[in-house]
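Beneath this line is the structure, given in C-alpha cells, with notes to follow.
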Amino acid sequence: MAAASGYTDLREKLKSMTSRDNYKAGSREAAAAAAAAVAAAAAAAAAAEPYAAPGVKRKYPEDSDPERSDFEEQQLQKEEEARKVKSGIRQMRLFSQDECAKIEARIDEVVSRAEKGLYNEHTVDRAPLRNKYFFGEGYTYGAQLQKRGPGQERLYPPGDVDEIPEWVHQLVIQKLVEHRVIPEGFVNSAVINDYQPGGCIVSHVDPIHIFERPIVSVSFFSDSALCFGCKFQFKPIRVSEPVLSLPVRRGSVTVLSGYAADEITHCIRPQDIKERRAVIILRKTRLDAPRLETKSLSSSVLPPSYASDRLSGNNRDPALKPKRSHRKADPDAAHRPRILEMDKEENRRSVLLPAHRRAGRFSSENYRRKSYEPGEDCSEAAGSPARKVKMRRH
C-alpha cells in the first residue's frame, strides 16, 4: 500500500503530511495578520477624518471646513465684542431696601403730579407701557422730528422742562457723589423711565452730540436686564439674541462709558420687564449740544412761515411734530400691542395701496380722500395737524 501511494514506507508519508499542515497553518496566520493590518489602517484613517464617508476622499481638511470655520469665527467675534462691552460697564449696589422704598415713593409722587397736569408740556412723554419724565434738560427724539435719524436730536429751550426735583439731588445724586461715581455738579439732566410689565425701549445709543459720558442709571421697584446689540422686529415684536445681557437689580447703579456707551446699542426687552420697573438716568449735556431756539410748541397747527422763523445762523432745526394728548390712557391700553414707529410707517403706507389691494373695510369715501397720484406729497385737508408723507414709487 505504501508503494502504491509513492512512498517507500509509512514514515515518509507521515513526514510529508506534517509539512503540508504546517504550510497551511502558516498561510492562515499570514492572511489573518494582513487583514488585521488593513483594519488598523482603516481605523487610523477614520480617526483622522471622522466626518468623511467611507470610500470618499475629503475635499477639505477638518480645520478648513467653511461652515464650521464661519460659525467659530462668529462666536469668536461675539465673545470679543462682549468683552469690549464689559470693559465699558461698572456696576455697584449702593441703595438699601429702605432707601429704595423712599425713592420709589417719590417716583409715585412724580407720576401723580403728571396725571394732574402739574408739569410743563415737554416734561412728560407718554407711550404704551412706558412713561418718561424729563427734568433739567429734555430733548427731541424719534417720532417728534420730521427728519429722523442719529444726530437729529435737539435740546429743548431752557425752561421747557421742569427743574430736577430736590429729592433727586438729596436721595440719589448726593449718594453717587459720596461714592465717587460722579463728580460734584456733573448732573444737569435727570430722566425717570417708568415701565409697566411688557414695556420696552428699542435699541439705541444715547445721542453722542447731546450727552457727555458716563451715563449713570439707578434701578427701582424690580429686577430687570439691560441688553446690548439686539435687533428688533415688529408685528409681532421680536428681539434677537443680545451680545450681552446685563442683570440690573433693584437698588443697583449701572455706569456706561467707552464701547458700551458709544459703539453698541442697548435696549430693554419686553420679556425682561415682568413687574413694574423704574430707572433714573443721570447725565450731563454737552456745552455745544444743539438746541431749539424757539419756545415750546403748542399742539395747534404750525403756520407755513414757522420753519423760516426758526433759522439759527446757517442751521435750520427740524420742526417738531404736534405732541400727543396728555389724557390718561383707558384701562385696556396696557394690554393692547405696543404701537411703534415701524408700525406707524406701515399704517401710512397701507393707506396708499391701490383699490384692489386694500381691505374691504375701507369705504369709498375714505379711499377717495386718501388716494393720490404717485410722486406727490400727500396730506390731509387744510387745517389738519397731520404730518405730510411723501409717497414712494413701487
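Backbone N, Cα and C atoms are what each Cβ position is placed from, and that goes for glycine too.
Feature list (source: Swiss-Prot):
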{"type": "REGION", "residues": "1-26", "note": "region 'Disordered'"}
{"type": "MOD_RES", "residues": "Ala2", "note": "N-acetylalanine"}
{"type": "REGION", "residues": "48-83", "note": "region 'Disordered'"}
{"type": "COMPBIAS", "residues": "59-83", "note": "compositional bias 'Basic and acidic residues'"}
{"type": "MOD_RES", "residues": "Lys132", "note": "N6-acetyllysine"}
{"type": "ACT_SITE", "residues": "Tyr139", "note": "active site"}
{"type": "BINDING", "residues": "Asn193, Tyr195, His204, His266, Arg277", "note": "2-oxoglutarate binding site"}
{"type": "DISULFID", "residues": "Cys230-Cys267", "note": "disulfide bond"}
{"type": "MOD_RES", "residues": "Lys235", "note": "N6-acetyllysine"}
{"type": "REGION", "residues": "298-394", "note": "region 'Disordered'"}
{"type": "COMPBIAS", "residues": "328-349", "note": "compositional bias 'Basic and acidic residues'"}
{"type": "CROSSLNK", "residues": "Lys328", "note": "SUMO2 cross-link"}
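Annotation for His204 (2-oxoglutarate binding site): spatial neighbours Thr265, His266, Cys267, criterion Cβ-Cβ under 8 Å with sequence separation of six or more. For Tyr195 (2-oxoglutarate binding site), the nearest neighbour among the listed recorded positions (Lys132, Tyr139, Cys230), judged by C-alpha distance, is Lys132. Here the Cα atom of Asn193 (2-oxoglutarate binding site) is found 5 Å from that of Lys132 (N6-acetyllysine). Each of the recorded positions Lys132, Lys235, His266, Arg277 was scored by the number of other CB atoms within 10 A of its CB, and the lowest score belongs to Lys235.
The DSSP secondary structure for Cys230 (disulfide bond) is coil. Note: the CA-CA distance between Arg277 (2-oxoglutarate binding site) and Lys132 (N6-acetyllysine) rounds to 12 Å.
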